[in-house]
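Visitor: First the structure, which I've put down as structure tokens, then a few questions once you've had a look.
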Amino acid sequence: MILPNDVLHGFANKKSINNTTGPITTFSLSRNISVAKFLPCLCREKKLELLNTIASHFNHIEGFEEFFVLPLKDLPLWQREFIAEHFLFPYDLAGNPEGEAFIVSRSGDILVGINFYDHLLLHAIDFYSDPEKILEKLVRLDSYLHEKLSFAFSSDFGFLTTNPRNAGTGLRCKTFLHAPALLHSQEISDVINDDSEISVSGILPSISGYAGNIVVLSNKYSLGVTEEQILSSLRIGSSKLSVAETSAKKKYANEHTCELKNHVLRALGLLTHSYCLELKETLDALSWVQLGLELGWIQGNSENTIWVPPFWQVRRGHLAFTKQPEEKNLEKETILQLRAAALKELANELTTRGF
């Protein structure tokens, strides 16, 4: 089974509704079924049996929209990547997909991963800066499945996971923030220190640094804390970082105008004149152009952002989605050219001011 076109279009449109650069938040609950061994100990047949057992409980869940069960082995590569990109899925899809599956909600905010490190990963994404609402929805789904499947649970250690670090609530919360001024001024360590309950990382795990000037905040611990405490600590960290970014932006614009304008213009030039573009350099350039928009140095057709839709649209799966079925080629050279062409079209709608 593959996702119908109307659902894919709904997912794509979801990213264009939120016309802000505000934080995106994801939640991931790791769960294992009590009567089955942990995933590394399961043979192929047991993984498939587990997949069928779990999938059977998603036919109709009261209070939830329709779910689509998508075994990865039957899913086109571009659609796997599109789904993983849309949800900011935390795991790599490389390797043998046998026995693995995505279960996706029609609304595009809940994704269940089956047989990724744990038997289930209940994952949700909040596009509307209302994380409490989507977390409550995810917890309701978790409670329903716990009744049907009986998750592995210890009175001492909470929910049991393949990686002991994820035991307890089993919750991993991530907040994605755009912080170009703070990162460029190298002041982020003054905001989030190593002793806090929050870890700081970039969005591309295979690349060091902060691609696209995106800072990812996540909870270090899930044992000995509640879901509410985890969300509260992320909210506090996110708020501190946002305030510091606003302050750094004003200070940086006033004190280093020439340097900052150079970054913005070079980024716009890269998007305007490139024939091929790698993902990291694209995200970096988009980040500087977005900053130029916010400072009034660049004008576009949209209100005050180009960041939200292109952040997803420049990824491999989303680029392939825009092509006809016979042209959904994920070869690297093709993707680099598609990305550059899409960004050139976007850059042509932008004009500079004050230069």
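Cβ coordinates come from backbone N, Cα and C, glycine included.
Whatever TrEMBL says is automated annotation, not expert-curated.
Heads up, here are the entries from TrEMBL:
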- 24-28, 172-176, 201-206: ATP binding site (BINDING)
- 21-248: domain 'Phosphagen kinase C-terminal' (DOMAIN)
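Help me understand the surroundings of these features in the structure.
Guide: Applying an 8 A CB threshold to same-chain residues 6+ apart, the list for Cys173 (ATP binding site) reads Thr25, Thr26, Phe27, Ser28, Pro131, Ser218, Asn219, Ile230, Leu231, Leu234.
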Visitor: For the domain 'Phosphagen kinase C-terminal' (21-248), report the average pLDDT of the model, please.
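Guide: Summarising the domain 'Phosphagen kinase C-terminal' (21-248) by its mean pLDDT gives 92.
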